[in-house]
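Visitor: Structure incoming, see below.
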Amino acid sequence: IIDGCYLFVDHSLQKRSLDYSHTHHTVLKKHNDVTFVEQQHIKKRVKRDSGSVNVSPKDPMYKDQWYLHDGARDGYDMNVRDAWKLGYTGKGVVITILDDGIQKDHPDLALNYDPQASYDINDNDPDPYPRDNGDNKHGTRCAGEVSAVANNDYCGVGIAYNSSIGGVRMLDGTVTDEVEARALSLNPNHVHIYSASWGPEDDGKTVDGPGILAAKAFTDGIRKGRNGLGSIYVWASGNGGRREDNCNCDGYTNSIFTLSISSASQSGTKPWYLEECSSTLATTYSSGSPRDDKNIVTVDMDTSYFQSLKSGGRVVTENLCTDSHTGTSASAPIAAGIVALALEANPNLSWRDVQHIVVRSSRSSPLMHEDGWALNGVKRKYSHKFGYGLMDATAMVKLAKKWKAVPSQRVCHTDLQSGREVIPGDNKNQLEVFIKTDACIGGSEEIRHLEHVQARLTLSFAPRGKLKITLVSPSNTSSHLLFPRPHDTQVSDFNQWPFLSVHFWGENPAGTWKLIIKNDESSTHVDGFLHSWRLIFHGTLENPQTTDTNSTHYLPRRTFRTKVPQSICARENKFKSSTSDECLQSCPDGQYGDYETGICKNCSDECETCYGPTADNCLSCKTFFYKSGCVDKCHPDYYGDVHLKECLPCPSRCQTCVNHTTCSSCGENRILNNQSQCVDKCLVEGNCSCDKNCLTCDSEKPSDCTSCPKGLLLHSKKCLSPPCPLGFYEENMECIKCHYSCKTCNGSSHYNCISCDTKSFLNEHGLCLSCPAKQFMNVDTKSCGLCHHTCGSCNGPTATDCTACDPPMFLEGSRCLPCCSNINPQVNDLDFGDVTESDCCRCQTNFGPCVFQEHPRSVNSDNIRIPNAANNENLSLLINNTSAVIITICVTSVLLFVLVFVVLEGVSTNFRGKAKNNYAEYHKLSTNVKPDVMLSNEDGDEEDSLFEKT
């Protein structure tokens with residue numbers, strides 16, 4: 001069947017015999033060369049058409065393939081045409097459709113048919129031709145979506161119309177583990193992509209997956225297929241939405257080896273058949289509401305065409321095509337076709353490279369009409385309905401073309417958590433359990449960058465379909481591993497079922513994970529039990545791509561009405577290449593996008609990537625990143641991480657170190673042991689005498705802890721209860737300081753920020769960035785926007801958001817204005833645009849600070865004149881005369897005050913003698929006093945204009 005596995009058949013038994021053939025089993029088990037024996041059972045596998053949609057056929061032409069040319073809501077599509085323009089049409093890539101066969105002589109498939117990618121497992125012969133009984137069109141339809149020939153007179157066009165297409169006939173008969181294994185392992189060094197649009201019944205109650213042989217076929221294909229690069233398995237996520245099924249109960253879509261593909265309707269919404277789950281990686285278009293949305297156009301099974309040709313009768317071509325292909329069945333082949341384009345662009349992509357590229361290139365924007373989107377710990381949008389979004393063919397081929405192979409995969413298992421944890425039957429309570437992990441730190445399976453996460457659970461609850469299971473990562477990403485399935489009323493268990501989530505992609509797994517299990521339906525009188533669970537992390541130690549080649553490091557552009565020249569690229573929210581007229585979504589490494597000009601400009605020489613022109617604007621370095629710049633050599637108590645190209649702090653016990661686990665020298669009162677760890681001298685000498693809160697301490701200062709008892713964390717030489725203080729993160733029972741740019745973090749790198757202070761914002765890569773000059777931070781979008789052109793600095797995009805001005809402008813309130821005298825045509829030698837008298841600064845001098853007109857003591861700047869050289873003498877005389885008058889007034893005022901004081905003192909003394917026993921009376925002063933300053937009508941108009949004209 002597959003390498004090392006053989007099928008033994010006793011032809012004396014009836015085909016559907018229930019006899020387990022114990023005699024044969026015993027003989028085989030006793031044989032020295034046999035490691036396992038398993039009876040083959042018939043499995044029920046259903047094709048994933050949506051079934052109930054019945055729309056009258058239309059002319060099956062390219063113009064009807066709306067998903068290829070702007071036909072979805074808001075003008076979106078699969079973005080295939082630009083990939084074709086780049087020359088990628090699937091040439092040299094081989095796809096096989098695992099289904100009910102393929103009509104190999106179909107006039108729209110025959111030129112691309114590949115017999116080496118085809119087989120009839122049901123009848124055990126090389127011809128996959130379907131039975132012509134009206135029920136075996138599924139495989140042919142799927143094949144047409146991928147490889148229908150272009151530029152002929154039949155139907156539409158395939159996504160990869162120059163690819164080679166084959167088919168495996170396996171669903172038109174009994175389906176066993178052996179049948180599935182043979183299909184999944186067909187000619188693995190010739191076939192590149194296996195597309196499957198089937199699975200266990202989507203009835204809302206089945207939990208089923210690959211058997212032993214099929215599971216081995218998957219692993220063999222991943223390890224050996226495509227000459228070691230790994231076979232690509234594309235799977236339809238399921239059509240059980242109407243019965244509230246969950247694709248995590250389907251062991252084929254719930255596998256790390258498959259690209260699980262969901263569907264979106266033409267209107268950009270969730271179709272009625274869609275299953276929500278955490279294993280869905282991405283989405284393509286398919287059918288939706290029969291009344292409002294169109295279906296998928298493809299070829300159809302029709303043998304009458306050839307019968308008419310042979311008999312010389314009238315040839316009818318309409319039945320060769322259909323516009324009624326539906327469900328996730330139609331989505332998986334579209335995805336397979338897009339992957340074929342990417343493989344043509346880069347044939348060296350591994351199976352994991354393809355998954356990374358899908359995650360990075362898929363778009364959430366076309367599907368934002370549906371709610372449920374969230375951000376994970378590395379700021380990628382994900383959805384339980386659509387995965388990481390709508391696949392983008394052009395983005396995939398561009399990314400594939402320059403993709404660097406991902407580092408080798410690592411698999412880290414947490415310890416098995418066993419014991420009977422109670423799952424409350426009451427729907428008002430829930431079970432919460434935790435696993436704290438270091439992600440296999442220091443070992444060969446250490447992981448810092450996640451791909452897949454599996455939660456392997458054994459639990460019992462009746463009925464099973466009431467349960468909702470959620471996994472929360474240390475970065476606080478919440479992924480629902482199971483939604484309630486009301487039709488699953490069976491008294492049954494989950495036994496070591498590996499629930500898969502792809503929502504944590506890119507996160508660091510180290511820290512505390514939380515599992516929540518809840519009865520999310522009506523209460524039951526009987527509790528359930530979680531018997532055991534563990535997490536399995538799949539990922540890498542190194543960052544798979546040091547710069548995310550799709551998600552730009554640069555902040556989203558905003559469009560403002562400014563005087564800054566805007567290029568064509570800037571108007572398209574892109575940056576102009578520095579070497580060509582091409583408009584780029586993001587600038588290449590070594591350059592940044594200049595917001596004001598919309599042009600890619602060079603980084604500082606030290607930077608590998610950057611977000612601005614100076615050395616302190618580096619995002620990554622050619623040497624090592626340290627604090628806010630690049631250095632050739634790290635500080636003594638830091639080490640250089642060659643993968644991150646960053647200086648990271650040594651463990652607190654080390655004076656110097658090689659990496660985050662290996663010390664090279666120790667501080668005072670510590671010595672280096674054989675494991676390159678710094679340990680306390682007193683521990684070695686056996687004379688530690690520490691305070692009661694310490695586990696170990698400085699031998700000179702017993703109150704200075706060097707390690708803590710279980711449950712406490714070491715922070716500033718003290719043992720504290722969790723969590724760590726703000727600005728620190730937990731690692732190896734210590735509180736380690738975050739990078740200075742982070743407010744909170746989950747690691748020491750400047751890429752590990754979780755939150756930032758008020759003067760900076762967190763971008764999608766975990767970086768806290770502040771806005772460059774003449775930009776402001778948009779609090780809502782957490783991005784930088786361009787200040788109005790009149791502002792020197794600002795806190796918003798408009799002319800009334802200025803906080804400082806560039807000469808010769810001056811700040812009046814929150815606006816930068818020219819002096820009013822400067823808008824006079826006789827003296828205006830600067831360009832102030834259309835500024836009017838009511839929209840200028842009343843300056844103390846023509847070039848002095850503004851004075852607010854509405855203040856009672858303001859000076860009317862219109863009455864002030866700047867003296868010229870000819871008037872200097874008159875000005876001096878004016879100042880001297882004014883000074884003399886002021887002195888005379890002051891002397892007279894003093895003399896008058898003394899005289900009045902003497903007179904009043906005498907009167908007061910005489911009065912006190914006469915009226916010693918009288919009480920004084922006090923009266924409220926009249927408020928009917930005229931104000932010294934009254935606003936004129938003009939002043940009132942000026943005040944109004946100040947607040948109305950922006």
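Every residue number used here counts from 1 along the chain in the order it is shown.
Positions of Cβ are set from backbone N, Cα and C atoms, glycine also.
Feature list, courtesy of TrEMBL:
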ACT_SITE  Asp99  active site, charge relay system
ACT_SITE  His138  active site, charge relay system
ACT_SITE  Ser329  active site, charge relay system
DOMAIN    405-543  domain 'P/Homo B'
REGION    114-136  region 'Disordered'
TRANSMEM  884-904  transmembrane segment
Visitor: State the Cα to Cα distance, in Å, between Asp99 (active site, charge relay system) and His138 (active site, charge relay system), rounded to an integer.
Guide: 7
Visitor: Helix, strand, coil: count each for the residues of the region 'Disordered' (114-136), based on DSSP.
Guide: 3 helix, 3 strand, 17 coil
Visitor: Let me make sure I understand the structure: which of the active-site residues listed (His138, Ser329) has the fewest other Cβ atoms within 10 A of its Cβ?
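Guide: Per-residue Cβ counts within 10 Å for the active-site residues His138, Ser329 bottom out at His138.
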Visitor: Once the chains shown are all counted, how many other Cβ atoms turn up within 10 Å of the Cβ of Asp99 (active site, charge relay system)?
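Guide: So the number of other Cβ atoms within 10 Å of Asp99 (active site, charge relay system) is 31.
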Visitor: Under DSSP, the domain 'P/Homo B' (405-543) has how many residues in helix, strand and coil?
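Guide: Reading the DSSP string over the domain 'P/Homo B' (405-543) gives 3 helix, 75 strand, 61 coil.
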Visitor: Can you give the mean pLDDT for the domain 'P/Homo B' (405-543), rounded to a whole number?
Guide: 95
Visitor: Which whole-number value in Å describes the distance between the Cα atoms of Ser329 (active site, charge relay system) and His138 (active site, charge relay system)?
Guide: 8
